[in-house]
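Trainee: Below is one structure. I have some questions about it.
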Amino acid sequence: MNLGRFKQIKAIISDVDGILTDGSIVVTEQGESKTFSVRDGMAIALWRKCGFKFALLSGRLSAPVTKRAEELGLEAVKTGRLDKETAFNEILEEIGLSADEVAYIGDDLPDLAPIQLAKLGFCPQDGAPEVQEAADYVVPVDGGRGVVRHIIERILKEQGLWSAVVKHHYAKAHQ
């Protein structure tokens, strides 16, 4: 993989189910619930603190996804969008970037188009084989278990920013 491609990334657009969650949905009389990785949330906050953008693109309408996106203060959120290619392009317009400046994270067949359009495509190790094949990088982590954290750390390291992030948190811990 051409590591120089990592340096061009200014935003990440991610699917939700199977990426930020393990793909499970708990449905009760009160509605649905999902479990999100705190490590992914921390990584998204660090990513945004570095001046980068993060957006969600999900095929499902989901109140828990909307709530999580609000908690994280994300730049764009598209839910209930089965045509992910169109929604991906709408997000690019909203955040003011081109596909050459964006990474996409997906795990299933509806994610094939955005993975191929983005500068870098990522898929967790438990993603569909066709998506793994289309991705530039298969993350050695299952969905919902820190996939986003792994990707953000990797991109920030390739951009030479990770050590400053760690140093900032180390300094705060020793004040």
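Positions of Cβ are set from backbone N, Cα and C atoms, glycine also.
Copied straight from TrEMBL:
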- D15, D107: Mg(2+) binding site (BINDING)
- D17: substrate binding site (BINDING)
Trainee: How many Å separate the Cα atoms of D107 (Mg(2+) binding site) and the residue listed as 'substrate binding site'?
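Mentor: Distance between the two Cα atoms comes out at 8 Å.
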Trainee: Excluding near sequence neighbours, so keeping only residues 6 or more apart in the same chain, what lies with its CB under 8 A of D17 (substrate binding site)?
Mentor: G23, I25, K34, S58, G59, R60, G143
Trainee: Output, ordered by sequence, the same-chain residues six or more apart from D15 (Mg(2+) binding site) with a CB under 8 Å from its CB, or 'none'.
Mentor: L56, L57, S58, G59, K84, I105, G106, D107, D108, P110, D111
